[in-house]
Amino acid sequence: MSKRHLFTSPDGLVPKSLRGFITYNPSLSLDPDNRIVFDTTHPKSNVSIISGGGSGHEPAWAGYVGENMLAAAVQGDIFASPSTKQILAGIESVPSDKGTILVVTNYTGDCLHFGLAGEKASAAGKKTKMIICGDDVSVGKKKGGMVGRRGLAGQIGVLKVMGGAAGQGGSLDDVYDLGVAFSEQIVSIAATLDHCHVPGRTEHGMLQPDEVEIGTGPHNEPGYQKLSPQPTPEALVGSILKYTLDQNDPARAYVKFNPGDETMLLVSNFGGMSHLEMGALVDELLNQLEADWNITPERVVSGFLETSLNAPAFSVSVINVTAAAKNCSYSVEQIKSFFDVRTTTSWESVAGSQAKRRPRAEQIVKAPKEPAKAVDESRDLKVDPKVLASMLRKACQDLIQAEPDLTKWDTVMGDGDCGETLKTGATCLLAALDAGVAESGSVVKVLHELEDIVESKMGGTLGGILGIFFVSLRAALEANIDKASQGLEPLWGIALTNALASLRRYTPAKVGDRTVMDALIPFAETMSKATFADSVKAAADGAEGTKTLTPKLGRATYVGAGSSDGGELPPDPGAWGARVVIEGLLAGMK
């Protein structure tokens, strides 16, 4: 793993990359505020297919925007999902008379944000469907539990056939059914020689020089198994194919391959493998597929399909096209034709379109400026402005100070973005306080500001959870403001309880699942019947208790350690971040 980077800080790197990325295709435009790349020539008469996710996986997903593939892509920060607001803007950027299909990989943050955006778009009268792609077999059926299979580069094949079908004028239902059927017939697994290095971060897990890890995720998630000493390439390929194709493996036999089934093979370079070795890898895969599994893929694609920054790693995906055709309205030959149709995207080559370039200034578009949110004075909660500002500043300052630990813990258990996501929110709120957001003592105005910060600046799973939480909290506070005469703590208890009830519609997380809810739920429940100080203690105790809990949701489930093994993990970074904020609010009152 190389720790050296040309751009040594992640600050501003994603939008700068996107500005460069769009120049290869004159049909593309960029909304830099929302990090949306969209095809300006996409016909309204075709279904709009939109994908996206965290950056660092290039060319996924902005590189796949163009004719016969994606209508738009929405990019988040490095390894963090885009926000709901970004995705809604993406839907607006490529309107379709037939409808829109959101296609994402199975990671909690992406599912939350794209799911909420789809719900809002549907509520606004737009025909919207969503497909969640999970193709990784390494986690297994039992360990995956409620989470399901996580997403690897098999999703790019899904986007390719769906884009081809949409380009041929397919209906919303037909294209959707094709995407679901195709995604369910993919088995994938990754192997890595070392983890990737994120610019600006110091915490990275590393493999020993004689280790290879099988089953790694694209965000430095730990793998299913470490092999030491490093196996030969032939032995490694043998293990990979056994995990994906063995029909007798009850944990991983997700797709059945019958003699004569037509298949496809996708081999994705995670970013750090040489072209020389990738060619040899494909050769060995084809040799063993034919000799040991009686499989001769009809189509083979190898290259930078979905990367993980500079990781010296790769993933292998095998797709049963025959089985997919049995569950949709398209034949095997039609599906292959969708896969083969030319695009104007990175799917073809790094050269891209040879059409005459447009001036860069024409390709950059500004998002419409949103009007300021009005506060209904009759439904507002007013408090001492100095106390309000003091509480918020203390909470933000403490959260920024805690960021290194939160990032370290999240790197051990997930993708390392939790601390930076929370720090971004705290920094933005401090800037708003400097601009006078709390000067009137309006709590609703502050909550409006928090909503905007979370929706605009904070991606990832935690950003999705907090976005829903703050919107619901503000709405509940306004709806129950008449109860303020009974005291602030009962009012906040009602508002917090209602906010958590709304949140439960989007996440199954509960106390004991080792998530931010381990702090938020005790805090809300105690506020309904005791003092603010008692509620703060309940939140702190809940966060502390996550050290001995086994993860049940999110990327941390793939680590497989915790109380069931008799060990102690780092605390859940989301729950600990909530604890820091809540304790900071209490300290700021004094």
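Here, residue 1 is simply the first one shown, and the rest follow in order.
Cβ coordinates come from backbone N, Cα and C, glycine included.
Curation plays no part in TrEMBL annotations; they are all automatic predictions.
Keep in mind the model is a prediction, meaning the values are calculated, not measured.
According to TrEMBL, the protein carries these features:
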type	residues	note
DOMAIN	9-352	domain 'DhaK'
BINDING	Gly54, Ser55, Gly56, His57, Asp110	substrate binding site
ACT_SITE	His219	active site, tele-hemiaminal-histidine intermediate
DOMAIN	386-587	domain 'DhaL'
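What surrounds the substrate site, by Cβ distance within 8 Å of the Cβ centroid and not counting Gly54, Ser55, Gly56, His57, Asp110, is the set Gly53, Ala60, Gln75, Gly76, Asp77, Ile78, Phe79, Ala80, Ser81, His219 from the same chain.
Within the set Gly54, Ser55, Gly56, His57, Asp110 that the record links to substrate, no two Cα atoms are more than 15 Å apart, and one pair reaches that distance. The Cβ of Gly56 (substrate binding site) lies under 8 Å from the Cβ of Ile78, Phe79, Cys196, Val198, His219, Thr307, Ser308, Leu309, each of which sits 6+ residues away along the same chain. In sequence order, Gln75, Gly76, Asp77, Ile78, Phe79, Ala80, Ser81, Pro82, Gly109, Asp110, His219, Asp415, Asp417, Gly459, Gly460 make up the list of same-chain residues 6 or more apart from Gly54 (substrate binding site) whose Cβ falls under 8 Å from its Cβ.
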